[in-house]
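Residues annotated as Cu cation A1 binding site in Swiss-Prot, with similarity to another entry given as evidence: H161, C196, C200, M207. Residues annotated as Cu cation A2 binding site in Swiss-Prot: C196, E198, C200, H204. Sequence annotations record features per position, and here Swiss-Prot assigns Mg(2+) binding site to E198. Sequence annotations record features per position, and here Swiss-Prot assigns phosphotyrosine to Y218. Marked as topological domain 'Mitochondrial intermembrane' by Swiss-Prot: 1-14, 88-235. Under the heading topological domain 'Mitochondrial matrix', Swiss-Prot lists 46-59. Under the heading transmembrane segment, Swiss-Prot lists 15-45, 60-87, citing similarity to another entry as support.
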Amino acid sequence: MPYPMQLGFQDATSPIMEELMYFHDHTLMIVFLISSLVLYIIILMLTTKLTHTSTMDAQEVETIWTILPAVILILIALPSLRILYMMDEIYNPYLTVKAMGHQWYWSYEFTDYENLMFDSYMIPTKDLSPGQLRLLEVDNRIVLPMELPIRMLISSEDVLHAWTMPSLGLKADAIPGRLNQITLTSSRPGVFYGQCSEICGSNHSFMPIVLEMASLKYFEKWSSMMQSFLSYLYI
């Protein structure tokens with residue numbers, strides 16, 4: 001999770017986020033080298049009187065500055081396309097969860113379980129327990145099993161929202177009348193925080209997402225408990 005005065009990304013929790021961090025470092029290195037070269041040329045031009053004002057043709061130079069940017073773009077595009085393919089690939093998910101955005105809360109439905117659906121509201125600041133995080137805690141966390149592929153279906157009941165979980169490298173738009181599909185896999189247990197990342201009205205900043213990744217045994221116990229509680233609640 002993020003912490004005050006943090007530099008860089010949150011700790012990666014999924015293989016996708018690890019790939020995104022490597023790609024970020026790879027691209028940043030290329031940008032740094034290009035910027036250094038441009039800065040060096042500018043300084044050289046400002047500090048020397050030897051300029052080629054009479055040069056009319058330089059095919060070798062033109063060939064180099066045409067081919068070199070093309071090679072650099074390929075070096076950026078290939079890993080980017082690979083990660084895009086990995087993010088869209090969904091193979092035999094263990095379960096499917098539908099997340100619906102509302103003004104201003106989230107609702108979740110486990111489509112593989114009967115009557116397992118609930119709303120998730122932010123806990124007001126005055127109701128927080130010691131140690132809980134302001135504007136990030138919810139009354140009902142979404143619990144999922146770790147180390148298993150999970151398919152998320154994202155949509156909205158009213159306006160545009162965005163379901164975002166930085167530690168997992170996920171961000172999907174919630175659009176009314178349309179289902180967006182993403183996959184997530186957590187490599188470790190823990191509680192992870194996200195928020196709506198699309199301005200959706202006056203309480204946009206009060207739509208946190210809390211995802212608890214746990215063992216499969218704990219998840220099955222939690223799902224059974226939630227089903228029993230919801231069945232009793234709606235009798």
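Cβ atoms are placed via backbone N, Cα and C, with glycine included.
Feature annotations (Swiss-Prot) mapped to structure.
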residue: H161; record: Cu cation A1 binding site; DSSP (3 states): strand
residue: C196; record: Cu cation A1 binding site; DSSP (3 states): strand
residue: H204; record: Cu cation A2 binding site; DSSP (3 states): helix
residue: Y218; record: phosphotyrosine; DSSP (3 states): helix
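Other than the site residues C196, E198, C200, H204, same-chain residues with C-beta atoms no more than 8 angstroms from the centre of those residues' C-beta atoms, the Cu cation A2 site, are G101, W104, V159, L160, H161, A162, S197, I199, G201, M207.
Cβ contacts within 10 Å of M207 (Cu cation A1 binding site), excluding its own Cβ and spanning all protein chains shown: 28. Taking the mean position of the Cβ atoms of H161, C196, C200, M207 as the Cu cation A1 site, the remaining same-chain residues with a Cβ inside 8 Å of that point are G101, Q103, W104, W106, A162, A174, Q195, S197, E198, G201, H204. Counting residues per DSSP class in helix, strand and coil order gives 0 helix, 0 strand, 14 coil for the topological domain 'Mitochondrial intermembrane' (1-14). Distance between Cα atoms for C196 (Cu cation A1 binding site) and H204 (Cu cation A2 binding site): 7 Å, as a whole number.
Cβ neighbour count within 10 Å across all protein chains ranks C196 highest among the binding-site residues C196, C200. Beyond the ends of the topological domain 'Mitochondrial intermembrane' (1-14), by six or more residues, the same chain brings 20-21, 24, 166-170, 184-188, 190-193, 213 to within a C-beta distance below 8 angstroms of the stretch.
Here the candidates are the binding-site residues H161, E198, C200, M207. The one whose C-alpha lies nearest to that of Y218 (phosphotyrosine) is M207.
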